[in-house]
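Asks: Submitted below is the structure of interest, expressed as structure tokens.
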Amino acid sequence: MSDLTAGTAADHRPVAIIMGSQSDWETMRHAAETLDALGIGHDCRIVSAHRTPDRMYAFAKGAREAGYKVIIAGAGGAAHLPGMVASLTTLPVFGVPVESKALSGLDSLYSIVQMPAGIPVGTLAIGKAGATNAGLLAAAVLALSDTALAARLDAWRAARTAAVTERPA
Ligand SMILES: Nc1c(C(=O)O)ncn1[C@@H]1O[C@H](COP(=O)(O)O)[C@@H](O)[C@H]1O
């Protein structure tokens, strides 16, 4: 994996997965695992608007030049990270509200979803489902210009459809 702030991401790692804390990994690993399943390279790093603002600024300002195409940003509580990163880059940013202990992730969701017009963050569902879907949305964006990936994405969906039994066991 490359250093997110050093501008060294290669074309084969088009997605950056960032999160506010180590404690978010249990949620955000589902985005990483989804990308892995689709054969999409990615870098995972802890970047916090609150705790590491200089790291966040350097990452966001350098992300396009570093070669990233999509950013997935997860945070919980006062989840300012996705919006702050979106304010510093015009790459697509998908925000994942991490479930918080005190408010079950509603605080995270509201912090991420209510962006002012002009600075978009594509906001996902709270928790694991949101992280998984962020990975799938990143894949869908990349598949716009990658027919082989589009085929893998279709196959991924078809396999999950086939796995849904018609009758409850
Ligand atoms: N929301 C943010 C930001 C940010 O938005 O910059 N940085 C850390 N955090 C969040 O704080 C929560 C608790 O963090 P700790 O578990 O480290 O105390 C995490 O869910 C993290 O995303």
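Note that Cβ sites are derived from N, Cα and C of the backbone, with glycine treated the same way.
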Asks: Since TrEMBL lists SER21, ASP24 for substrate, which candidate among ARG45, ARG51, ARG55 does it give for that site as well?
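Replies: TrEMBL names ARG51 for this substrate site.
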Asks: Looking only at SER21, ASP24, ARG51, the residues listed as binding substrate, what is the longest Cα to Cα distance in Å?
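Replies: Between the outermost Cα atoms of SER21, ASP24, ARG51, the distance is 14 Å.
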Asks: How many neighbouring Cβ atoms, not counting its own, are there within 10 Å of the Cβ of SER21 (substrate binding site)?
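Replies: If we count other Cβ atoms within 10 Å of SER21 (substrate binding site), we arrive at 18.
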Asks: Across all the protein chains here, work out how many other Cβ atoms are within 10 Å of the Cβ of ASP24 (substrate binding site).
Replies: 25
